[in-house]
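Record features (Swiss-Prot):
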{"type": "BINDING", "residues": "G12, R73, F74, G103, D104, G105, S106", "note": "ATP binding site"}
{"type": "BINDING", "residues": "R22, G23, V24, V25, R26, R155, G186, C187, E188, K212, K214, K215, H216", "note": "ADP binding site"}
{"type": "BINDING", "residues": "D104", "note": "Mg(2+) binding site"}
{"type": "BINDING", "residues": "T126, I127, D128, R163, M170, G171, R172, E223, R244, H250, I251, Q252, R253", "note": "substrate binding site"}
{"type": "ACT_SITE", "residues": "D128", "note": "active site, proton acceptor"}
Amino acid sequence: MVKKIGVLTSGGDAPGMNAAVRGVVRTALTQGLEVFGIHDGYLGLVEDRIEKLERHSVSDMINRGGTFLGSARFPEFKEVAVREKAIANLKKHDIDALIVIGGDGSYMGAKKLTEMGYPCIGLPGTIDNDIAGTDYTIGYLTALNTVIDAIDRLRDTSSSHQRISIVEVMGRHCGDLTLMAAIAGGCEYVITPETGLNKEALIQNIQDGIAKGKKHAIIAITELMTDVNALAKEIEAETGRETRATVLGHIQRGGQPGAFDRILASRMGNYGVKLLVEGHGGRCVGIQNEQLVHHDIIDAIENMRRPEKLELYKVAEELF
């Protein structure tokens with residue numbers, strides 16, 4: 001029977017992580033459990049930076065961006081000896097189970113602990129929206145609005161100067177953030193890991209647009225696909241139209257979470273605790289068709305695939 005639980009945030013921060021921690025803490029206390037916060041993710045777990053949390057510990061946190069528990073990249077957690085030390089620290093505090101809030105790397109850590117017999121629940125916290133088994137991740141829609149706001153501002157200046165603007169969006173190997181921002185921001189071109197980058201076709205499309213009287217254009221592209229500044233120089237050289245690249249970077253992770261992410265994070269935090277109370281471990285939480293669901297975390301990482309957004313790419317193509 002679970003009496004004490006731990007909670008940590010790991011990997012890249014995402015708006016709504018604090019709301020998720022709050023959901024975990026408040027629900028755990030309501031259920032008569034003790035709850036412990038672990039600072040700086042798996043690194044803090046190994047270094048035993050663990051403190052007991054009370055209701056007041058999460059007061060005024062629901063509207064705050066980032067994560068008050070802190071986060072850190074910690075690749076050494078892949079090592080068995082390191083994970084054994086983490087479990088020893090959890091047992092030292094008599095913590096029976098752990099809730100991990102983060103992205104795919106964080107899930108992998110939870111999976112490894114699960115395989116070692118320690119019960120974990122994963123909550124999807126990442127702006128990339130790249131986690132299988134859920135329609136939305138915590139922080140994604142807030143980041144989407146941040147990107148759209150930036151695109152709107154770029155359009156103002158691009159149209160004033162008859163300029164082509166390239167905007168680089170986060171997402172790593174997932175194009176969801178770029179695709180949705182491109183549709184909502186009215187971008188002329190969208191380039192994601194799912195579409196690939198065809199420079200010749202892109203330049204030809206831009207030239208065709210100029211020939212038809214197009215005065216400016218915005219290209220949305222997912223990070224890590226190419227050097228966007230070099231791409232801007234190529235486009236300018238081929239089209240004769242001034243072209244500039246803007247890398248949005250970490251601004252996409254910051255800011256107050258929107259209403260959707262606050263509610264989603266609160267629901268997921270609440271649900272994660274209840275799963276542990278009911279005796280479930282080794283699960284990850286998602287939302288599908290507006291309903292909270294849970295999956296085997298090992299199966300989610302190894303076998304589940306995110307559905308392709310073919311219809312939305314078709315919409316984007318027809319609107320551009």
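Every residue, even glycine, has its Cβ placed from backbone N, Cα and C.
Using a 10 Å Cα-Cα cut-off from G12 (ATP binding site), none of the binding-site residues among R22, R26, I251 qualify.
Least crowded of the binding-site residues (G12, G103, G105, G186), judged by neighbouring Cβ atoms within 10 Å of its own Cβ: G186. Of all the binding-site residues in the list G103, S106, M170, I251, R253, the shortest Cα-Cα distance to E188 (ADP binding site) is found for M170. Each residue contributes its Cα atom, and for M170 (substrate binding site) and D104 (ATP binding site) these two points are 15 Å apart.
Of all the binding-site residues listed here (K214, R244), the one with the fewest other CB atoms within 10 A of its own CB is K214. Once Cβ contacts within 10 Å are tallied over all protein chains shown, the binding-site residues V24, M170, I251 are led by V24. Within the same chain, residues at least 6 positions away in sequence whose Cβ sits under 8 Å from that of T126 (substrate binding site) are G11, G12, A14, G102, G103, D104, T137, I138, G139, Y140. Within 8 Å of the Cβ centroid of the ATP site, not counting the listed residues G12, R73, F74, G103, D104, G105, S106, the chain contributes S10, G11, G41, G102, M108, G109, T126. R244 (substrate binding site) carries a strand DSSP state (E or B). Counting other Cβ atoms within 10 Å of each Cβ, the lowest count among the binding-site residues D104, D128 belongs to D104. The highest number of surrounding Cβ atoms within 10 Å, among the binding-site residues R22, R26, is found at R22. Across the residues the record lists as binding substrate (T126, I127, D128, R163, M170, G171, R172, E223, R244, H250, I251, Q252, R253), the two Cα atoms farthest apart are 32 Å from each other.
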